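**Student:** A single structure is presented below for examination.
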Amino acid sequence: AASAMQTLAIGCTYIAVSASLISFNKFLMQPGRFPHALFLTTVHMSVTTALSLLLYTAAPTLFPSMPRAKEDYKTVLKYIAPLGMLFALALYCSNSAYLYSSVAFLQFCKEGNVALVFAMSCALGLQVFSWQKVAILSVVVAGCSICATGEIHFVLMGFLLQITSQLAECSKNIIGEVVMSGAGLKLDVLTFVMFQAPCSLVPLLGAALVEYTQDVGQDFRSAWPLLLANACNAFLLNVMIALTLKKLSTVSFVIIGLLKDIVIVSSSSLVFGSAISQVQIIGFSVTIFGIALWSHLKLKEQGAASEKDPLLPVANLASEKSEAAMTKDATKSEEAPGSVA
């Protein structure tokens with residue numbers, strides 16, 4: 001009973017924090033508030049960097065792999081530096097997409113990340129190709145396609161920004177999977193965030209200095225309390241993801257993720273009045289069904305602990321457990337700026 005209550009409490013908190021951050025981002029990106037995607041992303045990474053340092057100072061035991069990461073910081077930075085660039089690009093494009101498209105539509109697009117990661121992972125030898133996986137992911141892609149074609153207010157720029165964000169995000173996740181499960185590092189989630197945030201912040205600060213205008217300064221002065229709260233919300237999501245991955249089983253995480261997606265789409269319709277067509281409801285249902293099938297297949301593989309020789313040596317670093325974690329990253333981490341999983 002206690003375990004069930006813990007799962008329920010963690011799951012509900014994770015869903016609430018995730019859904020609230022996505023709605024918060026959309027709210028801030030409206031004209032008249034803070035419609036500056038680059039600077040919103042920069043604020044998120046600045047606050048995440050600062051709060052990560054404070055959390056490490058106050059509770060270093062939450063960063064178990066930090067001593068090893070400090071000793072081998074050159075290797076860590078070799079992976080994290082390009083990852084930080086990809087993460088910065090993903091967050092900037094994701095925030096920019098809010099200017100053109102609804103939260104529901106963007107969430108529909110994000111569901112296709114599991115297929116993108118699978119294709120990239122097969123190319124790198126991190127996953128073994130099979131027609132069964134292709135068939136299941138075809139269901140996911142078909143559902144996403146139905147959602148896209150059913151969009152009432154389709155804007156090409158919003159779609160292109162979102163796809164660019166997802167490609168960068170999935171590439172980031174694959175590198176992150178290697179860093180967190182292999183390369184001799186095996187970083188924990190919070191240590192990973194602490195290294196990733198400043199590596200993302202550096203290029204963002206450079207771009208922000210070039211793109212700064214008086215309008216940005218005026219909007220920042222009027223909206224800074226909301227921006228600070230929003231960035232703290234993003235950091236809290238990082239902590240909740242770490243806690244959820246640590247405390248709950250893979251099955252629980254998958255189920256919670258599916259519920260979260262439903263909550264986000266439903267709440268965006270209620271909060272922002274986003275029109276969701278009958279076609280999109282059907283497409284979203286097909287997508288959720290496909291992701292449920294994919295999760296079931298991955299759990300079976302994990303239980304059987306069956307592996308085949310990879311195409312590349314780096315794949316030896318990834319176990320079936322980390323492969324499942326990568327799949328979870330693909331469908332969960334792009335949900336908000338500052339989130340890592």
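Going from the start of the chain as shown, residues are counted 1 onward.
Just so you know, glycine gets a Cβ as well, placed from its N, Cα and C.
What TrEMBL lists as transmembrane segment is 6-25, 37-59, 79-100, 112-129, 135-161, 189-210, 222-243, 250-272, 278-297. Residues or ranges marked as domain 'Sugar phosphate transporter' in TrEMBL: 17-295.
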**Student:** Are there at least 3 C-beta pairs under 8 angstroms linking the transmembrane segment (79-100) and the transmembrane segment (278-297), leaving out pairs fewer than 6 apart in sequence?
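**Tutor:** No, the stretches stay apart by this measure.
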**Student:** What else in the chain is close to the transmembrane segment (189-210), if you only count residues 6 or more beyond its ends and a Cβ gap under 8 Å?
**Tutor:** 38-39, 41-42, 45-46, 48-49, 52-53, 55-56, 62-66, 69, 76-77, 80-81, 83-85, 87-88, 91-92, 176, 179-180, 238-239, 241-242, 245-246, 338, 340-341
**Student:** Using a Cβ cut-off of under 8 Å, list the residues of the same chain at least 6 residues beyond the transmembrane segment (79-100) that approach it.
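**Tutor:** Sequence-remote neighbours of the transmembrane segment (79-100) are 25-26, 29, 35, 37-38, 40-41, 44-45, 106, 155, 157-158, 161-162, 164-166, 168-169, 171-172, 175-176, 178-179, 183, 185, 192, 195-196, 198-204, 334, 337-338.
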